[in-house]
Amino acid sequence: MIPMDDDMESGALRSYQDKPRTFPSMRSKPHTPRIIRLLMGINVRVLLILLLLVFGGVFYIGAKTSPVIVFVFSVCIISFLLSIHLTKWVLSKDEGPPEMVQISDAIRDGAEGFLRTQYGTISKMAVLLALVILSIYLFRTPSPQQEASGLGRSASAFITVAAFLLGALCSGIAGYVGMWVSVRANVRVSSAARRSAREALQIAVRAGGFSALVVVGMAVIGISILYATFYVWLDVDSPGSMKVTELPLLLVGYGFGASFVALFAQLGGGIYTKAADVGADLVGKVEQGIPEDDPRNPAVIADLVGDNVGDCAARGADLFESIAAEIISAMILGGTMAQRCKIEDPSGFILFPLVVHSFDLVVSSVGILSIRGTRESGLKASIEDPMAILQKGYSVSIVLAVLAFAASTRWMLYTEQAPSAWLNFALCGLVGIMTAYVFVWITKYYTDYKHEPVRTLALSSTTGHGTNIIAGVSLGLESTALPVLVISVSIVSAFWLGQSSGLLDEAGNPTGGLFGTAVATMGMLSTAGYILTMDMFGPIADNAGGIVEMSQQPESVREITDLLDAVGNTTKATTKGFAIGSAALASFLLFSAYMDEVSSFARESFKEVDIAIPEVFVGGLLGSMLIFLFSAWACSAVGRTAQEVVAEVRRQFIERPGIMDYTEKPDYGRCVAIVASASLKEMIKPGALAIVSPIAIGLIFRILGHYTGHPLLGAKVVAAFLMFATVSGILMALFLNTAGGAWDNAKKYIETGAFGGKGSESHKAAVTGDTVGDPFKDTAGPSLHVLIKMLATITLVMAPVFL
């Protein structure tokens, strides 16, 4: 429990309006990570020399690998320098009056304290899992390619474990970076809102842009360094050593490590943020009738902390994992296709994903910088729709991405064997870019209160809580149709374009279909930097609104932050829809890579899965069941934690009646402690289910197959498990994310004055819908698309276990 000030304990209190508003510190230890403190203690010249040596070593191994790797390194480092510039620009803005700073400090202390504890727990689990992977790889049978290259069991085991730990570390850093900037930008956005909506928008976008550039840049440079290190260390492509087309398979552990951390970060952060949000809304808004983020609500600081650990830190790790999984799967498929087609220099097809995401950093940077401030101030500057401004920046990024993608395909994918193949692959990329744009538009249509679906949902609130829930569920179910049609068209179109590219294997069969789908996935993620910027904008704007409300700023300032917050809800929903689409395509690629890996180890063809075999069909059922059980456990974790918060908030209102008239102060720290402790405990069960299920099912059916004379039964059952889990997971995630986002914005629409406005019966019904949707859109939904990709990577890493 956080101790209160002496004058509070003695009861010598004045009104909040009469005295400086102070907020408790959540800090128990120095919040700066130990490694940062160590670096800060080093002499500047020594640190500069160390950095030059590191960069020199990186460029040396890059130059020994390929000029393309040097290009990728250069773009990433330039993007890091730009992110530093954006950070300095954001931090140069004023933090506003002292009460704003005190609230921001309390949020920052709570967020950094939770993340430090959460990452400590995740790191212990990662080390344990790394030991399990090491044990399995030390005793598994090597593949024919590994035998031919002389790569022994121990070398393969340690390479996979090192890649896994590096992926986990980089994913953790990506998450921390997302949180680090958001807890410093929120108060600056609040302060800027006192002057201009456009200035507040620009600060929030540039703060999100810093995080986005670091996350994408780390994903690209991390894989590039790993690839170049293995290339030089293993002496790839020299006589008697590994072929370059086989090298990408050594990177799978990196993707698994990134997925592992992203899943637990999303689960823990999602449980934290939504348990606090639900508890704060149910007691504060519905029972006590006080506004959102009112300083009298004991759960308000926990709610604002949750925005940072759930929406910023978790989403940073999530997108890092998405990019890493897509790059690695595309590199594997590019190498496999180049090998089958006997392409003389296959490095272009392998390194193409790294080049695409290097250009992603460039085009996203231009989009971020295209959003500028204005000289107008106050509400006059808020006339222009913030969503329209963000869409203009996205349109700039999309146009540049199309041009950059065409140039990348001509540079990297031109081959004499099929001179026009690059054009087909460029069209595949265009399919992916169009898919991303349509996905963003569809999600915006179903979640923005300017469109009919959310307004109809808000109208249903006028007849009660039950009709609001029914309308929200039906909206979420309906919203799955268009995205699935778009995904289906994009997969088939990209496959057909790749198949007709003119690339043929030794038998004369077309082989570019799967790689065409991989290129479409790259196209979809070719503006990932700007997409993550829009996603980070949401929680920063939400936090800014909370700080404005808690510090009791004028209503005109709150109107600006409410506008930004509503737009932020839509951008968060659209980026989740985008993430689901990319997860669907990436999982399809990883599924194909899994089948190739099984073929390699089994030394026989494994190209299709027959679900008419009873055991295989059962594997599919188990995969679908996992999605529903995982979602149930994630939502119930939020519910249980929220019950504790509700009980605590009610207790404080009863025991401290002076809270409502500002003569007593709430104990914010108690609610922070409750959600922090509960979320760390609750994230373990669903996370463990996701990791253990595919391994256990594969082993059980492998043993069954051994005794029934079907040696590939375990691999086939796992393939069906993965296939059904992917399909069910995509549909479930679309439903959960869209329904939750629509419920939230239906509430926001009523709060603008529609159907009775704040405090009305329709508003109370909308709040109920919003609380039901909270675990949908911020816990179970986002965790599902991470789960889908993690299942694909874990089955790929563990493929030999199932044989």
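Cβ coordinates come from backbone N, Cα and C, glycine included.
Per TrEMBL, the range carrying the annotation transmembrane segment out of 347-365, 480-498 is 480-498. Between the transmembrane segment (577-595) and the transmembrane segment (717-736) there are 3 or more Cβ pairs closer than 8 Å, counting only residues 6 or more apart in sequence, so the two stretches are in contact. Using a Cβ-Cβ cut-off under 8 Å and counting only residues 6 or more beyond its ends in the same chain, the transmembrane segment (203-227) has close neighbours at 58, 61-62, 65, 69, 72-73, 76-77, 79-80, 82-83, 86-87, 89-90, 93, 163, 166-167, 170, 173-174, 177-178, 181-182, 184-185, 188-189, 192, 247-248, 251, 254, 258, 312, 316, 319-320, 323-324, 327-328, 331, 354, 357-358, 360-361, 364-365, 368, 371, 390, 393, 528-537, 540-541, 544, 564, 568.
Counted over residue pairs 6 or more apart, the CB atoms of the transmembrane segment (480-498) and the transmembrane segment (159-183) come under 8 Å in fewer than three pairs, which marks the two as apart. Distant neighbours of the transmembrane segment (717-736): 476-477, 479-480, 483-484, 487, 576-577, 580, 583-584, 587-588, 591, 594-595, 598, 609, 611, 615-624, 626-628, 631, 693-694, 697-698, 701, 776-777, 780-782, 784-785, 787-788, 791-792, 795, 802; these residues of the same chain sit at least 6 beyond its ends, with a Cβ under 8 Å from one of its Cβ atoms.
Segment contact holds for the transmembrane segment (421-442) and the transmembrane segment (393-414), given three or more CB pairs below 8 angstroms at sequence separation of 6 or more. With a cut-off of 8 Å between Cβ atoms, the residues of this chain six or more beyond the transmembrane segment (68-91) that come close are 55, 58-59, 62, 181, 184-185, 188, 203, 206-207, 209-210, 213-214, 216-217, 220-221, 224, 227-228, 347-348, 351, 354-355, 358-359, 361-362, 365, 368, 412.
Beyond its flanks by at least six residues, the transmembrane segment (159-183) meets 33, 87, 90, 104, 107-108, 111-112, 115, 119, 122-123, 126-127, 129-130, 133-134, 137, 207-208, 210-211, 214-215, 218-219, 222, 226, 230, 250-262, 265, 307-309, 312-317, 319-321, 324, 536, 539-540, 543, 797 of its own chain at Cβ-Cβ distances under 8 Å.
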